[in-house]
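Q: One structure, pasted below without further comment.
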Amino acid sequence: MKIFRNINFPITTSIGMFDLLKGIAMLLIVFGHNRSIFPTMKLDIITRYTNEGAFRYIPYVYEASIFGRLCFAVIGAVVVSLMPALLILSGYTVRKRSVSKCFSLEYKELLKPYLWATIATVVFNFIFHFCFFRYIPGALQESAKVLGGMVLGFSQNVQLGKITLFANGPIWFVLALFWALVIFNILLNMMDEEKIKYYALGLSFIGWLLSYVKYTPFCLSQGLIGVLYVYMGYYTRKSGILTSEHSDKLIVKYTLFVIIPNIILTFFGMLTEMADNVYSLGPVTYIENGLLGIGVLYVFLRINKTNNGKITNALRYLGRYSFYFMCIHTVEMIAFPWYLVAGKFVKYQLLGFVSVYIVRIILIFLMLKVLIRIIELYNRIKIRKTIG
Amino acid sequence: MNEIFENIKSIIIDIADIPEDEIELDSEMLDDLCLSSIEIMSIIGDIEVKYDVKFASDDLLKIRSIRDLISIIEEKKN
């Protein structure tokens, strides 16, 4: 229990307490999306009985040792729980408002930026497509597919007859969060607080069933499952779970019913992957992953307090502006044909993966700085007009 | 401090649409006012422009209540 004692202590909240986790999550999201453009890179076939793995020269790592697989299962479980953790964070600061006020606020904070990101993605997609292929009808057609997919809010590519609509990319999260917060607020207004958990569970179940319907628009499926995560966040604030010290009995229960099951699930490849509507064991996976998300948040908040180096603060900076980061990442991921760049590294997949990842992070960071500066200038003009 | 508090109050009301009587000097920004990360980002952004200050990432770790926020603003302005 000593390992838990080092992190089991009460803390006070602060407005920057989640920034480190969000910053790391942003880098991992780009990492995962970058991985998908190098499909033949054998980075993750390192624990199977194969000598094709990228780490085949490192002893013990690829030889399917139980210890190696277990380590990766632990890391995998933590990584998988980050997406639910981000939704739980949003639920942490939920405040009961009238239904119309909540809708109008979330429209302003989430939907409007989603629409702006859509416009930017479509415009840049057209520009880059034309720059690379020099064919306007082709560029228009591809951009129309992007527009259709983003406006209709499909988190995966969808085939409607002869028409393909492209996935809306990382910004699915914003749309799902919009539904989760609006619907949860409706529950807060209409239901007894005691019964909200049952409704949240029921709605998440409907969301899971909808995940089997390919044409579910507007990320409704993820939004409904998100209602449960928002409830978890709301409950953690009300009960003080994240800020309190916990008894040994609770830690044992949490280890037995949450940590170990999550490791087992990940060990056998069962996970929650909301963007692609993957819930390997249905409600079991997304509930377990969500509960582990709370534990990850708990640990992170304590690590946060003790780290203040330059890298940590840089990660906090990314986390602070994670919303803009997500929007910019959506634009660069969909609009720019990274697969063409990845194609240049056919023989050197790992080198290509690392190089492209670094370039993307730098680009996103620079665009983030520009966007923050533009917003700052807009605010200055707004304030001067108010004073004038 | 009063003037800064009134300004912060009006920024919070403008961005998060919270009733004025619920915003007090010792109101905790997460636990009492339930400000979301997007709202906090906008509020801090507006304060940075209004008072011509810059909040570092570790400054935000020290801000729990509006009083803490005002202290940091005054510290930076001085």
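Glycine is treated like the rest: Cβ placed from N, Cα and C.
Sharing the features that TrEMBL gives for it:
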| type | residues | note |
| --- | --- | --- |
| DOMAIN | A:18-367 | domain 'Acyltransferase 3' |
| TRANSMEM | A:7-31 | transmembrane segment |
| TRANSMEM | A:66-94 | transmembrane segment |
| TRANSMEM | A:114-136 | transmembrane segment |
| TRANSMEM | A:171-191 | transmembrane segment |
| TRANSMEM | A:250-271 | transmembrane segment |
| TRANSMEM | A:283-301 | transmembrane segment |
| TRANSMEM | A:321-341 | transmembrane segment |
| TRANSMEM | A:353-375 | transmembrane segment |
Q: Suppose you look only at the domain 'Acyltransferase 3' (A:18-367); what would the mean pLDDT be?
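A: That stretch averages a pLDDT of 90.
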Q: Under 8 Å, at least 3 Cβ pairs, sequence separation 6 or more: does that hold for the transmembrane segment (A:171-191) versus the transmembrane segment (A:250-271)?
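A: Contact absent: fewer than 3 Cβ pairs fall under 8 Å.
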Q: I'd like to know if the transmembrane segment (A:114-136) touches the transmembrane segment (A:321-341) in this structure, counting it as a touch only when three or more C-beta pairs sit under 8 Å and are separated by 6 or more positions.
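A: Between the transmembrane segment (A:114-136) and the transmembrane segment (A:321-341), which are separate recorded stretches, there is contact, as judged by 3 or more close Cβ pairs.
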Q: Which one of these stretches, A:250-271, A:283-301, A:353-375, has the most C-beta pairs shorter than 8 Å to the transmembrane segment (A:66-94)?
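A: The stretch with the most close Cβ contacts to the transmembrane segment (A:66-94) is A:283-301.
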